[in-house]
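The annotation NADP(+) binding site is assigned in Swiss-Prot to 47. Here Swiss-Prot flags 124, 125, 126, 288, 303, 304, 305, 306, 307, 329 as FMN binding site.
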């Protein structure tokens, strides 16, 4: 079962929903980087369950522990192991899933592929796998911010038929997004979304939606042509998130409604800075699979949570038709907790692209990167 990703900044996650622990091994992190444990914990706190009555009531502290790769608060170049203990499992609620498949869940496909599965909590298909990715991405975020000034901010753009009305007035910080529990910067829409989620929760049902994400201060040159396009890497990473079913960059599918003359992003030279800019950003910051220096703009679609508390038709292990009323603790809508997960996988893709570009083109690094003091402190 593949569980690793990355060319330079390599991430390998481990653990299941109801196992003893979940975590991640991170390779390729340069030595000498200060690891701010409180920043990693802050990111994990944003994705943890039990944050509000909009999320699953499973109450986990998700306290991270650094097992290796860090000495006196700094990376030493060896693999970094980050571990979070599972403390609030309730496996008896899943006993009926030992022999019965949840519709639209990974239960059936895992059974068909492997012939055996961990039925409690969804096992490896659980969103708790993303704890490792969020923890690793906190390190990635530190590197991107310190070296390039890159900031990635995601938010809930829609839930059900309720659409945020902020347009291209994108939030500049995660603090703006976190002002409400829905994580939608449009306060009016957020209230409507909250009511819809609670309505679905009361009905034992679920609802999906979309998340938008912007990365600021990307330099031109990240990503590679053809098979290693940055948008291709982003698509694979984002679609690997549980419940994510759609992805677009820039104008995305709506761009098909435009003509070339209205869709093309015309270049100009910015007065005062001399920077090459584009008048519009329908490309979403990517052209030919490579960043062009504009904001990276993506959107991801999440289906309604598959585990619901309504009676549904399904089959059992014997292939017999039956019905299922699910138990356990589940999110009526994954969107509020998926926001930090989207930010995480975007940062993982970007840091891998950055470290690769830095390795193959030192002149690019000298031109675009800021050299933090901790690199200068290395005794070589």
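Note that Cβ sites are derived from N, Cα and C of the backbone, with glycine treated the same way.
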Find, among the binding-site residues listed as 47, 124, 303, the one whose Cβ has the highest number of other Cβ atoms within 10 Å in the structure shown.
47
Looking at Cβ-Cβ distances, which residues of the chain lie under 8 angstroms from residue 126 (FMN binding site) while being 6 or more apart from it?
16, 17, 242
C-alpha spacing of residue 47 (NADP(+) binding site) relative to residue 124 (FMN binding site), in angstrom:
17
Pairwise Cα distance for residue 303 (FMN binding site)/residue 47 (NADP(+) binding site) [Å, integer]:
18
Work out how many Å separate residue 307 (FMN binding site) and residue 47 (NADP(+) binding site) at their Cα atoms, rounded off.
19
Looking only at Cβ atoms, how many others are within 10 Å of the one on residue 307 (FMN binding site)?
22
